[in-house]
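Enquirer: The structure that follows is given in the form of structure tokens.
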């Protein structure tokens with residue numbers, strides 16, 4: 001895994017560092033403290049780290065194999081979203097992340113009822129942002145291992161995801177890597193099927209087109225060549241007349 005940046009500006013994957021023919025961009029959104037960063041790090045590194053610094057919106061990258069194809073995955077972590085008297089409160093970074101992404105992971109914690117209640121508004125934000133096209137969205141319920149402090153019933157997640165027409169996964173970032181990997185990997189597979197595949201020789205074709213003017217072409221005869229050829233022809237005629 002590679003941390004591309006931790007600034008609020010979202011940059012494209014540097015082309016020089018990305019030999020893959022496909023780049024998948026995923027934004028992870030949700031309320032504060034639901035475990036977004038833990039999910040991202042768990043998926044990309046298999047590790048779980050319990051303590052994190054305040055989420056500043058890091059952009060992570062990793063190359064993986066999907067159906068035999070090398071794919072570059074960019075995962076944009078985002079600051080937590082809250083609800084205030086005026087509705088959904090999120091930073092410009094969250095909005096830009098959604099607009100930038102090819103797919104979105106919405107996360108809530110089963111221990112936080114408020115994080116579950118704002119999912120509907122988050123889904124509306126995503127669909128409004130991508131009103132011109134439909135992008136893959138999945139709903140992830142995190143912290144499934146904390147049964148003793150559960151505040152969202154197990155049946156509520158699937159019901160909500162069905163209403164929003166998106167896939168649902170209940171996971172524990174701290175205890176089960178396979179659950180987390182399954183959710184993200186399935187999303188990447190579905191997204192890869194939707195994206196047109198770039199031909200392997202596409203880059204080389206462009207390069208060849210750019211280099212084509214460098215191919216040597218026959219030179220037009222200059223004045224020195226013309227004079228030299230004229231003298232050769234003239235000398236040949238003189239020799240012919242002399243021999244006669």
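Every residue gets a Cβ built from N, Cα and C, even glycine.
Dumping what Swiss-Prot says about this protein:
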- 30-37, 77-81, 142-145: GTP binding site (BINDING)
- 19-242: region 'Small GTPase-like' (REGION)
- 200-222: region 'Disordered' (REGION)
Enquirer: Note down the number of other Cβ atoms within 10 Å of the Cβ of residue 78 (GTP binding site), including every protein chain shown.
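Expert: Step by step: centre on the Cβ of residue 78 (GTP binding site), count other Cβ atoms within 10 Å, giving 28.
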Enquirer: Under 8 Å Cβ to Cβ from residue 30 (GTP binding site), same chain, six or more residues apart: give me those in sequence order, or none if nothing qualifies.
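Expert: Sequence-distant Cβ neighbours: 36, 80, 81, 106, 107, 108, 115, 119, 122.
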Enquirer: How does the model score the region 'Small GTPase-like' (19-242) in terms of mean pLDDT?
Expert: 82
Enquirer: Restricting to the chain of residue 144 (GTP binding site) and a gap of 6 or more, list residues whose Cβ falls under 8 Å of its Cβ, or answer none.
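Expert: Sequence-distant Cβ neighbours: 110, 170, 171, 172, 179.
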Enquirer: Which of these binding-site residues has the least crowded Cβ, counting other Cβ atoms within 10 Å: 33, 36, 81?
Expert: 33
Enquirer: According to DSSP, does residue 36 (GTP binding site) fall in a helix, a strand, or coil?
Expert: helix
